[in-house]
Amino acid sequence: MYVGYLLDKDNNMYPNPVRHPGLNLNPQNYVPAPPQYSDFPSYHHVPGINSDPHHGQPGGTWSSYTPSREDWHPYGPGPGASSANPTQIAFSPSDYNPVQPPGSGLLPPSINSSVPPLSPSAQRADPYEWMRRTGVPTTTTTTNGKTRTKDKYRVVYTDHQRLELEKEFHYSRYITIRRKAELAAALGLTERQVKIWFQNRRAKERKVNKKKMQQQSQQASTTTPTPPSVGTTAGMGGLCSSSSSNSNLVSPSSMPIKEEYLS
């Protein structure tokens, strides 16, 4: 009526159409159009928020206002909000990475593939050679003429080396430094090996001499006679004295018999 007349008369005052062209509504169901803000293009007015509380809800013919699909904006704040609040940073869902569980892929694949899992039996294995030794010492001969016995090397001398060393030992039981160097160079040994051989040879000679002396003392103790005891000589002396005293006695047959006893 009068309100509709004013609305149709002055279109410059209300540039936007108030009524939908396909609906014939009464003036009582009139609801003002949502205002538009040029500074905030992404802002949309929600009907019923700033309306008069005494007016109530609009009629059932009006539905709640929803923006069209073309007016939807992507995820994140608009340009106006970002300029107003510079502390907010827009990000897309593709930049978000969920927290990875520990042990899944924290290490590079090259490191994970190069380290094989160790079994409990492999972890308990003894990695050292000296821990795997048995109670029986093993003897191995190397190419340099040394024999490994338990904890030390024992030099294996040839027959020619032993012969030359024995000759030198019979000549002198204590070898000089000059002769030791000459003998080591001639036999292909070191001076330390020659010195150790002479030390062992002297120890062996002392052991042999000690054994010979013990055998000689045992033989001498078995061949010597035992000296006579003192009691035996005293008995022999008593027998001699008794025999000499008996020789001084006169036998009864030698005495003269008187005639009176005969008659």
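Glycine too: its Cβ is placed from the backbone N, Cα and C atoms.
Going by Swiss-Prot, these are the annotated features:
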DNA_BIND  150-209  DNA-binding region
COMPBIAS  82-97  compositional bias 'Polar residues'
COMPBIAS  204-213  compositional bias 'Basic residues'
COMPBIAS  214-233  compositional bias 'Low complexity'
COMPBIAS  241-254  compositional bias 'Low complexity'
REGION    47-108  region 'Disordered'
REGION    153-174  region 'Interaction with DNA'
REGION    192-203  region 'Interaction with 5-mCpG DNA'
REGION    204-263  region 'Disordered'
Tertiary contacts of the compositional bias 'Basic residues' (204-213) (same chain, 6+ residues out, Cβ under 8 Å): 173
Tertiary contacts of the region 'Interaction with 5-mCpG DNA' (192-203), as residues 6+ beyond its ends and Cβ separation under 8 Å: 155, 157, 165-166, 169, 173-175, 180, 183-184
Residue counts (helix, strand, coil, in that order) that DSSP gives for the compositional bias 'Basic residues' (204-213): 10 helix, 0 strand, 0 coil
Stretch-averaged pLDDT - the region 'Interaction with DNA' (153-174): 90
DSSP-derived helix, strand and coil totals, residue by residue, for the region 'Interaction with 5-mCpG DNA' (192-203): 12 helix, 0 strand, 0 coil
